[in-house]
Amino acid sequence: YCFQKINRPGESDEGCILDGKLYPFGEISRTENCYRCSCSRDAMRCCTLFHTPVGYNKEKCKVVFNKESCNYDVVQKDDPSKECFVYSRV
């Protein structure tokens, strides 16, 4: 998933603002919220670093976002210490 945020005139002379945080002009390999971005005077273009699991046992498993790894973990509802098999992500 990717998006673009157009910078308002005079919004910042030092970089781009995303989710209340200032990022410098240029390439940002990872934001606080797990996006890879490019910041220019005109706009900020970002894409997610994570893929959303869609193919897994939804009855026995649940999805939990892991901000440290910038990915979704799919774990057993009964025992979250055990991972579930995921056969497709988008």
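Even glycines carry a Cβ here, placed using N, Cα and C.
The cysteine that Swiss-Prot pairs with C46 in a disulfide, picked from C34, C37, is C37. Here the candidates are C2, C70, and Swiss-Prot names C70 as the disulfide partner of C34. Residues near V90 (valine amide) in space but far in sequence (CB under 8 A, at least 6 apart, same chain), listed by position: H51, T52, V54. In terms of Cα distance, none of the disulfide-bonded residues chosen from C2, C61, C70, C84 sits within 10 Å of C39 (disulfide bond). Of the recorded residues, C84 (disulfide bond) and C37 (disulfide bond) place their C-alpha atoms 31 Å from one another.
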